[in-house]
Amino acid sequence: MNLNIEKYKLAISLLFIYTLGFTINVLVPLISDDFSYMRMGLDLSSHYQHYMTWSGRLEADLISSTILQFDSVLIKSLINTFPLVALCYFVYKIVSLYSESDPLITTLIAFSCYFLFNPNLGQTTFWIVGSANYLWTTTFCIIFTYSICLLTTLDKISKKEEIIIYASAVLAGCSSEASSALMVSASALALLYNYFVTNKNKRITTISFILCLVGFLVLVGAPGNKVRLASDVFSAWRDMGLFEKVEYHFTERIPSLMRYLKFELAISLFCFILFVIKSKYKFTKSTFYLYIAPFIGFSFIILILIFSPYTPERSVNILTVILAIPICASINNLTKWIKVTITFLIVIVMLVNWSHVYSSYSRVYIQDVMRRAYIHEMISKEIYDIKLPLYNFSNFFKEFDLWDLFSNEYEIARYFGAKKVTVIPVNVDYSYLSTQPNYTCKIDEGTEKEKAYSINFYVDSFNDVLLIGETNSSKGTIDGLTKINTSINTNSGKHQYELPSNNITIFDRNFIVVRVPSVGINKSKEITVSLNGSDCTVEINR
């Protein structure tokens, strides 16, 4: 009966995690390198050329190229959410080997840690190419970590487990440079341990080490790595001596890499100290595997990255999972109601973060719909030189939850059948042009033709944002305006400002953006803006 309850709890938690991941995944459009990897497809000659001239990450390249062959966003999202669930499941399996582990609590804590402390959530998890390089490879490494735990703990390995161990060894070895180096080192230690201490599973441990090592050599030995390293981008790093690289790594890189991880590290260390005190300073197998080994792994990754010429925040994605293991183990050792309460509170905080990510990604999803509609409209008019606004994110709980904003303009143009696409940064969430009411104000200067302007507004995290747009009757009248007199009439009274403004172009329309102190613009009754010395007033009827 208890076993069935555990299975139900595990199923419910994994379904919950899958639902949260899928709901975000389905909002992410094709971005950045997705277009080029989609075109690369499953053509082996293209992947060979890529391996020889750019990167040794054959595994990640094949995963992303395969997923991107599906036209359906639903199918891509269904596939790309799977490793997120597998990651949490195998953290639960690792903890279960050495300690009491409630499936509901462990998986939810693991997911919450991943979501809350991830150094760059959008780039590691929800962007297809980024996910293939970081989420998928991290998952393979955690599966192989579980395999190593089996090899050093169980007396006998089943045939099914043996197959999983071999497959995960290859996949972990081919994962990413720092992570695969950690996996090779861990499997080498497991080999020594099984040969000289436990005297068990020696054949399987040897084969798995060799497979992991081969995968690692395929990854780091790629000619493309040398070609890439020889580029001018890394010339300054190449010219540094070893001590300069160490100093640069710890003074410049680490603060950025640890932006969010430092909080998880502090919690993990606290959990370790709590466990040591509670266990009365006894050293057991669970102490090593659940507490000491994760900190060794953390230190290894931090140190090995000294030798990497480029360390974006996403490169330490695996540390989010490694540091979650002591937290999961420690919480599971608490009394029932305390661990349930702590889990509940952590999940609530995670859901607040998740809601911010969902809100922001939903707005960008609408921006993408608008961009696609505009592209198709231009092509239908036989206009093939197209200017697009860059995606604009807002309302984030954490700054680095957004995805990669690099725009491969050549590949975007090729994908949509245009000759040229230029992506222009804008400082406004233009999705509100589609979803908010579009008001019109008019200026009659005594001429035969009055000038009309569109008025849109929304509230962001810090300001009320006012968008004043030209129409056919007012083209060319707002270029160069740098200050706008604004009057907003709300229930709390009239608010008047003279504020700086900036001009932007969105889908061939000129707009003035004015950021107003928060006065409740969504509940305004009347808005007046002064344009070229004339007042333009719109009444808001709700």
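Placement of Cβ uses the backbone N, Cα and C atoms for every residue, glycine included.
All annotation found in TrEMBL is predicted automatically rather than curated by experts.
What TrEMBL records for 12-32, 73-92, 104-122, 134-151, 163-192, 204-222, 260-277, 289-308, 315-334, 340-361 is transmembrane segment.
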### Cβ pairs under 8 Å between the transmembrane segment (315-334) and the transmembrane segment (260-277), at least three
yes
### Message
Short question: most Cβ pairs under 8 Å with the transmembrane segment (104-122), which of 12-32, 163-192, 340-361?
### Response
340-361
### Query
Are there 3 or more C-beta pairs under 8 Å linking the transmembrane segment (204-222) with the transmembrane segment (289-308), counting only pairs at least 6 apart in sequence?
no
### Long-range environment of the transmembrane segment (163-192) - Cβ separation under 8 angstroms, sequence gap at least 6
57-60, 133-134, 137-138, 140-141, 143-148, 150-152, 157, 204-209, 211-216, 218-220, 297, 300-301, 304-305, 308, 315-316, 318
